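As C-alpha cells, the structure follows; a few thoughts come after it.
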Amino acid sequence: DFGRSSELAFVVEPSDDIAVQEQPLILYCQVEGIQPITITWRKNGVMIVDSENAFMLANGSLYVSRFQRVRGDGSSDEGEYDCMAQNHYGLVVSRKAKIQAATMSDFHIHPQNAVVEEGGVARFQCQIHGLPEPVILWHKNSMPVNTDNERYTLLPKGVLQITGLRAEDSGIFHCVATNIANVKFSREARLTVSGSHSTVYKDPMILVGPENLTLTVHQTAVLECIATGNPRPIVSWSRLDGRPIGVEGIQVLGTGNLMISDLTVQHSGIYVCAANKPGTRVRRTAQGSLVVQAPAEFVQHPQSISRPVGTTAIFTCVAQGEPPPQITWLRNGQILETSDHIKLKNNNSTLSIYGINQADEAIYQCLAENSAGSTQASARLTVLWADGLPSPPQGVRAETVSATTIQVSWEKPLQNTKEIIGYVLHIRKAADPVEMEYQEAVSKSTFQQLVTDLEPSTSYSFYIKAYTSRGASKASEVTVVSTLGEVPAMPSLFIKVINSTTVQATWEPSIKLGQHEGFKLYYRKVHLSQYTGPVLLASNVTAYNITHLDASVVYEVKLLAYNQHGDGNSTVRFVSLRETVERTVLNPPCDCMKDEQNNKTSTTGIIIGIHIGVTCIIFCILFLMFGYRGRLLMCKNVQEQLSTPQIPRSQRSATGLVLNGATRRDRDDRDLNGKQLDMNELERLFPASPSQEQQEKGIRSAHSLSAPHDETQISTLPLDEFSIIEEQPDPLPKNPHGSSPAAPAPDHGPANEG
C-alpha cells in the first residue's frame, strides 16, 4: 500500500451510469500519490475543456449540469468517459465509464384478448424497451393484480400467468411500465372464462417454453415454461449436459417457471423444460440457453519494479472474465507500441522490456476489457542509474574461427574502470528477437572470449557491458559476424548383396546430415588403386545398386555427402560376393515334394514302431496271465534284447531271428516255411544275460522298445501278429571291442525310425 500511495494510483474510478434527461450527472475520480497531481477528463478519447455545461470539481470529479441526449449542435453527453492523473513519475488512465441516457420506448407487444375454459391456463404478455430496464406491473379492471394469489404469477419480462382459471378471473387486464425516464400504459385485453371444467383427456402441451437469455453475474434469470393438458401435466427442469441444476438460489415460480438468483458463470448452459403426463412416460419438452457473462477482473496485478540500466524489466498482468477479456498496455496513458526491445507475450499478459534505459522509465498500465465490463491496473518502472559507472567498452571486434566458433575481443572502457568487477558478453542470432539473447560472463582481466557451439553459416550479433557493484555500463556498439559454412557429416552406409554380380548401397535419410546438395558414390576392387566414380546422387536418394561386379574379388564401396562448402568425410565398406556363389552351389534349390514325401514316410515309421512296442507288452501280459514257465524271464529278455538287440555270435544258431519286424511278404513266407519253436529254444535264444556293448557303427534295431512303456499309447493287436520265424544268418563284421555286433533288423524303410 505504501508503494502504491507513494507513486500514483486511483482510489475511486468512474463507473457506468444511466443519466436522466436535463438532470445533473456526477462522475467520480479520486487519485493518490506524490503531489503535485494533475487530473483531466476525456470523453470518447477527446479531452474535455471546462465549460458551463461540464467542468471538474475540486476533488477531481466531473460535473455535468444538464445532461442532454442530443444537443442543439448535434452533440450528445452520452459516451465513454475516463479520468487521467499525472505527476512527475508518469500518467495513469482510469477505466472507461459508459454513460447512457435513460429512455423508454413504446410498447411493442400488447396483451391480447383470450377465451379459456374453466380450469385452464391464461397468459398475457407485454414488452417494452428502456434504460434502465422498466418495471412492469399488471392491473385488472384498473386495479393492481393481487400478487398474493398463488394462481397469479408475474414474471420480470412482462408476463402474467393465471392457472386453474375460475369464473371470477374474467376481466380487463393491462400493464404499466415504469423507469426513471417515463411511465407508460399498454392497451387493454379481456379475459373470458367459459364453460365448466372439462374431463376430456388432452395430451401434455407446452404453451410457452424458455427463451435464450444473456445476462451478467449476480443478476436474476427467469426461464418460463407453461404447460397444459388433462390431467394437468407435471413440469420439471434439467440441463442438457446432464449436470445438476442445484438448489442454492433456485426457485420455481407458479407451476413451472424456473428462477435462478445471483447468477454465476457456472449457471451458463442449455436448460430443458419437460411436461409429463402423471403416471406415464408421455412428455413434451422445450429448451432455451442461458449465457452468463462476467466483467473482466484481475487475477494478478502488475507490480512496480526498479531495474538497473541495460537489464530486463518484466510486468505480468493476468485477467479473467466471460467472455475472456482482451488486454491492452498503456505507457503514460498512451497505447504501448512494441519494438525490438519491447515485447508482448502470452496473449499480452506479459510485457518484457529488454536493455532498459532512462527513456523507459514510466507508468505502465494493463487494461482488461470484455463485453461485460473493463478494469485497469498500473505499475511503475524505475530505471536505476548511478553516477561514476564505467563508460561502454571500446573496440568490440568479432572474428570467425570455424563453422561453430567466433572469437570476440574488446578494449576496456575509457572512464571509471577502477570499480569494474567483470564484463558480460551479449550474444544473439541476428535474425532472432531480442528475448532470445543470452549472455556469457567474463572476468575483469580478460578482453576476449571464444564463443562456441554456434550454428554454421549463421549471423550473430555481439555487444559488451562492463559491470560494477553499483550497476552496469551502457552497451557497447553492436558487431555482427557470420560463422563459416560446414561440410556435411558422414553418412551411415550399409551394403546388401543382391546376387552374384550386384550389391545395393543404402544410407541414412538426408535430414541427419545437415545442409548438403547430394552424395558421391565410389567403388573399386580392393587390389586396384583407382575408383570407379564418382556416381553423383541427389540429396533425396538413399539407395543405389552397383551391378556387373566380379564375384571372385572383394570390393571397396565409399560414400560421402557434399555441399557448396566441399566434400564431407566418407564412409567406407568392404563386400565380397564369393560367399553368395558358394551358397548357391552348396545349397541347391530344395525338392519340396520330395522332402514332403520323406516327412510323411518318417511319420509312418514312427507309428509302426509304437505298434510293435505295444504288441510286445501284450505278449508279456498274456504269458503272465496263463502262467507259462519262464514268462518273467521272457518279458525281461524281450524288453532288453529289443531295446538293445545284440547277442553274441557264439550264442546264435545257424538261423537268425526277427521279432515282429518282417514285412507282410515275410510274414507270408513265415506261414509257409516258418518253424514254431518250443519254450526251451526260446529260453536258449534269449538268455537272461547282461546286454552286450553295441558295435561302434552297429545298426540300431528298427523297433527299439527302449522308450518307457508308460509313454506309449496302447492299441489292441491280434495274437497272431506276434510270432518267431527263422531267417538265414547274415554275416556281420566283428565288433572292434571284441563283442558280437547287434542283430540287425530287416530293412523296412521308414519303420527304422521307430
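Every residue, even glycine, has its Cβ placed from backbone N, Cα and C.
If you look up TrEMBL, you'll see 643-654 marked as compositional bias 'Polar residues'.
Per TrEMBL, the feature compositional bias 'Basic and acidic residues' maps to 663-673.
The domain 'Ig-like' annotation in TrEMBL covers 8-100 (among others).
Across the domain 'Ig-like' (105-192), DSSP helix (H, G, I), strand (E, B) and coil residues number 3 helix, 43 strand, 42 coil. The domain 'Ig-like' annotation in TrEMBL covers 105-192 (among others).
Annotated domain 'Ig-like' per TrEMBL: 204-287 (among others), in sequence order.
Residues or ranges marked as domain 'Ig-like' by TrEMBL: 295-382 (among others). Secondary structure by DSSP for the domain 'Ig-like' (295-382): 3 helix, 54 strand, 31 coil.
Mean pLDDT, taken over the domain 'Fibronectin type-III' (392-486), works out to 90 on the 0 to 100 scale. Sequence annotations record features per position, and here TrEMBL assigns domain 'Fibronectin type-III' to 392-486 (among others).
The feature domain 'Fibronectin type-III' is assigned by TrEMBL to 487-583 (among others). With DSSP classes pooled into helix, strand and coil, the tally for the domain 'Fibronectin type-III' (487-583) is 10 helix, 50 strand, 37 coil.
Taken from TrEMBL, the feature region 'Disordered' applies to 643-754.
Summarising the annotation, TrEMBL assigns transmembrane segment to 606-626.
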Out of 105-192, 204-287, 487-583, what stretch is closest in contact terms to the domain 'Ig-like' (295-382), meaning most Cβ pairs under 8 angstroms? 204-287
